[in-house]
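> This is the feature table in TrEMBL:
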DOMAIN    B:28-541  domain 'Cytochrome oxidase subunit I profile'
TRANSMEM  B:41-65  transmembrane segment
TRANSMEM  B:85-108  transmembrane segment
TRANSMEM  B:120-138  transmembrane segment
TRANSMEM  B:173-199  transmembrane segment
TRANSMEM  B:211-237  transmembrane segment
TRANSMEM  B:257-282  transmembrane segment
TRANSMEM  B:294-316  transmembrane segment
TRANSMEM  B:331-352  transmembrane segment
TRANSMEM  B:359-384  transmembrane segment
TRANSMEM  B:404-424  transmembrane segment
TRANSMEM  B:436-461  transmembrane segment
TRANSMEM  B:481-502  transmembrane segment
Amino acid sequence: MTTITTASRIPIDGPVETPWKLPYRGNVGMACLIIAESAIFIIFVVAYIYYIGKSLSGPTPAQVLELPIFGTICLLSSSIFVHFAVNNLRKDNLRGCTLNLAATVLLGTIFLATTAQEWYHLIHDEGLTIKTNLFGTTYYSLVGLHATHVVVGLIMLSLTLGLSLTGHVKEEHSEKLEVLSLYWHFVDAVWVVVFLVVYVIGR
Amino acid sequence: MTTTPVLEAIDETLETQGRPPLNVIYEWLTTVDHKKIGLMYIVYALIFLVIAGFEAILMRIQLAIPNNHFVSPQVFNQLFTMHGTTMVFFMGMPILFGMGNYLVPLMIGARDMAFPRLNAFSFWISAFAGLLLYFSYIGGSGLYAAGSAPDVGWFAYAPLTSKVFSPGHSTDYWTLAVFLSGVGSIGTALNIVTTILCMRCKGMKMSRMPLLPWLYLVMSGLVFVAVSPLTAAQIMLTLDRYLGAHFFDTQAGGSAILWMHFFWIFGHPEVYVLVLPAFAFANEIIPVFSRKAMFGYPAMVAASVSIGFISLSVWAHHMFTAGLGPAGNTFFVFATMVISVPTGIKIFNWLATIWGGKIIFAVPMMFMIAFLFQFLIAGLTGIMLSAAPFNWQLSASYFVVAHFHYVLVGAIVFSLFSAFYFWYPKVTGRMMSETLGKWHFWLFLIGFHLTFDFMHVPGILGMPRRIYTYEAGRGWDTLNFIVGVGAIFQAAGTLVLVYNMIHSYYKGKEAGHDPWDAWTLEWSVPSPPPSYNFAIEPTVSSRRPLWDIKHPEDPDADYE
């Protein structure tokens, strides 16, 4: 048998399938992250559902929870704006991109503020903390996990907004902005699940 | 065709820079090269292999004779906790990720991983997690009181981990270490998937990819859905311990069974996370030493993918004795038994590859043949344990310990050793000594069978796992002594391996590009590969590109 002894056989030539196109690694990486994060959320959601109605003491969700309709509308609509931002950047409409990014950050911040207000109300007026009962334990951990993701998303979006205000975001970055928008869509989609489980089924 | 002037310049820079030792260390600490990170993973895993192996030896000394007082009960608890945790999280996963890191880009014709800096981050966070776990020996309870390692078992069942039963911080060290290692694993898995999907060289369709990247793809997919639940469970446990939450607090209505579910939703797929790379090595090594193409490539891919899916639905077979009820038990009995179908396909395909081949009994192939037999036996005891009534009798006995060590050592470690001998020439440019390799093989093989064949029997005779000593006259004494002797043989074999690796690095025979006359892309580059891997990114037109070059009269592409 022949043995290759030098590097001279590189490149290995052959008929090339044209065009040879592979997916963009940012999107694939984000998809992987979303799968892993979904698994984490599923575990917290399962724990929440498993412990519905199993608290040994009050307060119960029906007594203290109110539907956060306003915050939900803000968060879900922010997804549309981040989508517009990507589209605008793709068409090289930098101004439109900046405006839409600003709207996304604003709406996300409003959502976060409503969550903060809700927690303040629960802790100070109702005396519900993570220690109180199983409802408190599962509620704060699940909603808190989601809020953590909102905070991370807001930090990244604000950085992008800052860069775009200083004129550093260009059309060629649209793929990267799309990766960020995927994360933001994911955070919104998770909220739909959390909303249904905590505020609809759980009550 | 030689390298281009630009790449020669890169070569020169790499040659001249970093000659003083401090610079060399700096270069390794800051590297983002997938090969260096892979090697660092392997070295760190080998260090933990020696540590965890030492813990195993201590346990076997303690159990070698009845009524032994070599270690105290508490130290024994710490030993089996640290042994299990270290072997799974700081030896098994890192060493397999290290091999994947090194081999995957080379085999798919890429110059590096998709996210090189994430790769370095994942390595360093895993390494830090390992150090954190062992730091508990000095920093666990109170201020640097020695000997306070975690003692809750690697499964950390609730309520053992509650503040009441586990005061101090040893459990927190365990939780944090496992959590951080999970973060590292998810990062590396993400990197491997993205590399495989987005960085393949021209012409390498998924259907032409070598089986090793394929299996790493499935394994990484499993990491997302298996390790993430563990990460979530660690967050919950930390909330319980630090903020007074009640997830696993039975006094407040919490459930200890829920922890078991969460843990085994990770714990069972984890076995496949570890064993799929072992299959991957077999898929590359067995064909080369049988001088035949892999039999049934599509079936192998399909079997691997289905193992990935089925493994997610079997976790509760670790909980047959927890009282899930007949419906739950029946489902998990069947789901578990179904896994034997794709694994059977794999074993038969390996046999069919060997069948009629010109078998070369080099050290890698010897390990592979042992792997085949031992994996078969491990599978058979697995089928026994998957039957719920049988499991009720032998749950938490040494039979179970023997079974899973048959998988973890008999299959995974043997396959890993084979991979060491097979790819060592590529990594270092020198061959490993065959004589020492045979010493290693026979010592380890004899030791393995002395230990784990005989370990089944005290299990059947009723010896529970995790006991620190036992009374004489139950028929366990001689068996346990033999098991202990086997452990020493295995340790001796491993030391021969380590000596062989170091010795061959300096004195080994020059390997050249392709010492085994193999077929995949990594053998087309110099040994060790330059930091950019491929001078010019290759183009492939079949599953065995090097075969096509060596045998232009009989190209692979005609058969696809």
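Backbone N, Cα and C define each Cβ position, glycine as well.
In the displayed structure, how are the listed features positioned relative to their neighbours?
Away from its own ends, the transmembrane segment (B:41-65) comes close to residues 71, 76, 79-80, 82-83, 86-87, 90-92, 94-95, 97-99, 101-102, 123, 126-127, 130, 134, 451, 468-470, 477, 480-481, 483-484, 487-488, 490-491, 494, 498 of its chain (Cβ-Cβ under 8 Å, at least six residues beyond either end).
For the transmembrane segment (B:173-199), same-chain residues at least 6 beyond its ends with a Cβ under 8 Å from one of its own Cβ atoms are 81, 85, 89-90, 93, 97, 100-101, 104-105, 108, 110, 113-115, 118-119, 121-123, 125-126, 128-130, 132-133, 135-136, 139-140, 149-150, 152, 156, 161, 209, 213, 216-217, 219-221, 223-224, 227-228, 230-231, 234-235, 237-238, 241.
For the transmembrane segment (B:257-282), the residues of the chain that approach it from at least six positions outside its boundaries are 88, 92-93, 96, 99-100, 155-158, 211-212, 214-216, 218-219, 222-223, 225-227, 229-230, 232-233, 236-237, 247-248, 304, 307-308, 311-312, 314-319, 322, 346, 350, 368, 371-372, 404, 407-408, 411-412, 415-416, 418-419, 422, judged by C-beta separation under 8 angstroms.
Taking Cβ pairs closer than 8 Å, the transmembrane segment (B:294-316) reaches residues 207, 211, 214-215, 218-219, 221-222, 225-226, 261, 264-265, 267-269, 271-272, 276, 279, 283, 286-287, 324, 328-329, 331-332, 335-336, 338-339, 341-343, 345-346, 349-350, 352-353, 355, 543 in its own chain, all 6 or more past its ends.
Counting residues 6+ beyond its ends, the transmembrane segment (B:359-384) has Cβ neighbours under 8 Å at 278, 282, 285-286, 289-291, 336-337, 340, 343, 347, 350-351, 390, 399, 402-403, 406-407, 410-411, 414-415, 417-419, 421-422, 432, 434, 437-438, 440-441, 445, 448, 456, 516 in the same chain.
Residues 87, 92, 95-96, 99, 102-103, 271, 274-275, 277-279, 281-282, 284-285, 288, 362-368, 370-371, 374-375, 377-378, 381-382, 430-432, 437, 440-441, 444, 448, 451-452, 455, 490, 497, 501, 504, 516, 522 of the same chain lie 6 or more positions beyond the ends of the transmembrane segment (B:404-424) yet place their CB under 8 Å from a CB of it.
Remote same-chain partners of the transmembrane segment (B:481-502), defined as residues 6 or more beyond its termini with a Cβ less than 8 Å from a stretch Cβ, comprise 46, 49-50, 53, 56-57, 60-61, 63-65, 409, 417, 420, 424, 432-433, 436-437, 439-452, 454-455, 458.
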> Just to confirm my parser: what is the rounded mean pLDDT across the domain 'Cytochrome oxidase subunit I profile' (B:28-541)?
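The predicted confidence over the domain 'Cytochrome oxidase subunit I profile' (B:28-541), as a mean pLDDT, is 93.
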